[in-house]
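Lifted from TrEMBL, the feature list:
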{"type": "DISULFID", "residues": "87-97", "note": "disulfide bond"}
{"type": "DISULFID", "residues": "195-205", "note": "disulfide bond"}
{"type": "DISULFID", "residues": "300-310", "note": "disulfide bond"}
{"type": "DISULFID", "residues": "407-417", "note": "disulfide bond"}
{"type": "DOMAIN", "residues": "15-117", "note": "domain 'SRCR'"}
{"type": "DOMAIN", "residues": "123-225", "note": "domain 'SRCR'"}
{"type": "DOMAIN", "residues": "230-331", "note": "domain 'SRCR'"}
{"type": "DOMAIN", "residues": "336-438", "note": "domain 'SRCR'"}
């Protein structure tokens, strides 16, 4: 029986947005005969931007800024291809709109710009230590599937890193390094990915979408550098302080206007800190910043992986002063350990909260909870150990931080499991949880 598959070749858009914070904002450029030129802003309006956003696969049109806001400016030698663009707003491509192609009375000081909502990435990295490393998954019709590693190379990873807003591509590991492995029922969507390394999204690369000879043992992985685009400064640690963001290689503050807890949650998650605990309306004179104020009116759902994925006013354009700089406080990163065991992979479970180590009560504790602990510590799988061996551990004598912990078994951290509020319990230390992982099996 003959087997057939199809290579997907999609013609790239004839328009792009350059020098903006992401691919859905910037100075407008159009392509003609392999050359890119700018667009004069005579007659440029929101209907024209709607078409640009649609052609690029971005979200809703949000603004028509001057192209001069996006530095560096266009080179004097770059041509201005079109002016007097007149779209009705329903076209799929800018080339379908009425326009004047003989430009004679415009300069680059009149280059058009566009702001679209940034569409969520169609690719993600899962089960890694951070959002920029892990097993590669792509989204199709609301479902996530893996990528076969046939032909997978650094050029493909470069595109993934760019689409996710991560740093430089660093490696092409096997997706099997990231536990737990993909469920057998999860689909493998694409294979034989072939990027040239310059694409903005993985979907722009040639690929085979009818996968018939791959298994999850061949899932692709990717490692990207973590870009430092957000930081908290002036506080007692890296998880508390004045919020600053990096734009155009310069750090600036964030105005309190429009700032809410949902945005603070995104910042804390992006920094690898614990949950957001406090949002000061602004800094005092000793902690306020100097220089640029990059963002204001930031609007997040709280589920974004990166503050750049939230809506905000145009970078650098606001009426704020440093008296309105935003201050954010997050809990310290969630940590756990196993103590008094023969190895670091066996012992009484302790978690760190507010700088103090405390134990976990065994109410409701079972195999799925132990599975999460062992995985988080990099200690393999949990193993059954007789009660006799567990009794040798001396109970704790300090805080009991957690009780009624319930996990699904797939969480990457015990912090993601359901539990009672920190410090609330009905236990004593005779009920402290003891965990044995495969790499810490006692000699019994």
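Glycine is treated like the rest: Cβ placed from N, Cα and C.
Model, not experiment: these values are computed from the prediction.
The stretch with the most CB contacts under 8 Å to the domain 'SRCR' (15-117), chosen from 123-225, 230-331, 336-438, is 230-331. Counting only same-chain residues six or more apart in sequence, the Cβ atoms lying under 8 angstroms from the Cβ of residue 417 (disulfide bond) belong to 369, 372, 405, 406, 407, 408, 411. Within the group of disulfide-bonded residues (87, 205, 310), the Cβ with the highest number of other Cβ atoms inside 10 Å belongs to 87. As a summary of secondary structure, the domain 'SRCR' (336-438) carries 21 helix, 30 strand, 52 coil according to DSSP. Counting other Cβ atoms within 10 Å of each Cβ, the lowest count among the disulfide-bonded residues 97, 195, 407 belongs to 97. Residue 97 (disulfide bond) sits 30 Å from residue 310 (disulfide bond), taking the C-alpha atoms as the reference points.
As a whole-number mean, the pLDDT of the domain 'SRCR' (15-117) in this prediction is 90.
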